[in-house]
Amino acid sequence: DGCGHTILGPESGTLASINYPQTSPNSTVCEWEIRVKPGQRIQLKFGDFDIDDSDSCHSSYLRVHNGIGPTRTEIGKYCGFGFQMDGLITSKSNEVTVQFMSGMHTSGRGFLAAYSTTDKSDLITCLENASHFSEPEFNKYCPAGCVIPFADISGTIPHGYRDSSSLCMAGIHAGVVSNTLGGQINVVISKGIPYYEGSLANNVTSKVGPLSPSLFTFKTSGCYGTLGMESGVIPDSQITASSILEWSDQTGQVNIWKPENARLKRAGPPWAAFISDEHQWLQIDLNKEKRITGIITTGSTLAEYYYYVSAYRILYSDDAQKWMVYREPGMDKDKIFQGNTELYQEVRNNFIPPIIARFFRINPLKWHQKIAMKVELLGCQFSIARAPKITMPPPAPPPRNKNDDRSDDSSDDSVKTSLQTDKTTFTPEIKNTTVTPSVTKDVALAAVLVPVLVMVFTTLILILVCAWHWRNRKKKTEGTYDLPYWDRAGWWKGMKQFLPTKSAEHEETPVRYSSNEISHLRPREVPAMLQTESAEYAQPLVGGIVSTLHQRSTFKPEEGKEASYADLDPYNSPIQEVYHAYAEPLPVTGPEYATPIVMDMSSHPSTPLGLPSISTFKAAGNQAPPVVGTYNKLLSRTDSTSSAQAQYDTPKGQPGPAAADELLYQVPQSLPHSTGSKDE
């Protein structure tokens, strides 16, 4: 009655006293008999040893023997609080007996030990964690039975596990080693992360963990990719089930929870069986043999339907006719996998060794309310591992016939399981299994064609890029707005053909300016207003009083009289009036220059007598635009008829003086001071 946690595997195992790590009860005893394969020896390692030694190991102790039964011989007798045993205890044969006696005591945790065959020189116990090792990378051997209730782990794959986690228990959670078999782990230490997630995998619950200085991960073969349920690589036609739940809700809508709904992380309902019993199954056809290393399941994922499967078996087949139930090596019972504990959480289970099969079945054994689930398979392509099967002794089909009838001879099943284990472990070092035997002949051809095609496409792309750059450079050398083929010195002559001409109808068409628009503008906005509107006359000069007025000018002198215009000087200069003159457009067949502008500037105080004056603006209304010039004062013109320096005809079609905004201008009849000018 003194036996605690115990797992005795074929090559390794774990044993502990009752109630460990709490104080063991008084007057208890336990004896373990350990056997391994003949020809091998056993080594024993203690992870913790705390046995009362108050009576010098008389009533409380741990004794180790070589052999089993009455012929056994004692190797050693041990006791003590916090006893540290250096090295390993090694047997002389393949059998060992371990005996624990607990007498009257008040304290003492008891012990926890691990064993393995002597060829596992790097054996550790289930209590070891990453912080016990200083190497950044190391290999250790984990014994079987490291799923212990008194050890904790934090983290998950692929992010890593907190450094305080049990190495072997984390290896089981990650699917690297089996709790039943134990195995080798390759550990890599790296910098810690602020937060460690928790999850349920392989019957091990990982807890959420806080920041730690370091974490560890495991090196694996890499055969843990998804096989196509979630992504849709496996089509709907290859997912079948024993039955389908079909029902109508309160609104009368028919709901069908079909097998193709059993895709992990897909929105919507799951697959559900019409009848909930142990004969239901969900089947997945992988189209060819695959190496299946794990499975992930969830419940219905619908809050209003709290359905999930809590335990299930796995069956597999090559032809969908003869089915095998998955069993761990050396076991004569079907392996029952732990499923979900609620409808949302993803639960992972790994197959060690992996399953090699085309058809895969899930047989629910326990469920909550109804059988409903979503699934994803983990694994990789399977190519070479089964090739040696051809050279094996001729198979005997009748003895290998096997279905899932539990009444069949168990010895036949054990043989089949052993053969399956050999098949999946022929070449464990192979990592690249993406090429199947059916396409191996095309590998050499593909290795030649792929580089050639890459080079051809690269060359074409380079040619297109060079051509595009050459075309752009050619355009840039000409310029978008350049005139490469014109006479740049006389470009105005070339542009004259695009300008409007003064035709007969243009002479008769009046130019009208709205005094209302001009009056509402501020002084500095008038020039912009006049410039932006399309007019028959050219842009105004900006030079003020031009000194070369006796030369040929491009502006037309004013005709007739107009109402005065007042302009506010922005620099508070005296308000004066100014003449406004506008140029006529150049005719196509006419002279190159327009009629010069000749005005009398003798009345201006700052202008020498005899010098004609000119203004570059002409507008209707009561307010004149500002004139930018070389003088500070603006030239002005009165509205009176006292100035006789320039006389103009009255506008056509009007008997007398016309309104300012409806003036039609004609050519001047007479121009005083016309020296140096030319009448048109």
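Cβ from N, Cα, C; glycine included.
Copied from TrEMBL, the annotated features are:
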- 391-400: compositional bias 'Pro residues' (COMPBIAS)
- 401-415: compositional bias 'Basic and acidic residues' (COMPBIAS)
- 636-648: compositional bias 'Polar residues' (COMPBIAS)
- 667-680: compositional bias 'Polar residues' (COMPBIAS)
- C3-C30: disulfide bond (DISULFID)
- 3-118: domain 'CUB' (DOMAIN)
- 120-216: domain 'LCCL' (DOMAIN)
- 223-380: domain 'F5/8 type C' (DOMAIN)
- 388-423: region 'Disordered' (REGION)
- 636-680: region 'Disordered' (REGION)
- 443-468: transmembrane segment (TRANSMEM)
Number of helical, extended and coil residues in the domain 'LCCL' (120-216), per DSSP: 11 helix, 38 strand, 48 coil
Overall pLDDT for the domain 'F5/8 type C' (223-380), taken as the rounded mean: 94
Residues in the domain 'CUB' (3-118) grouped by DSSP into helix, strand and remaining coil: 0 helix, 61 strand, 55 coil
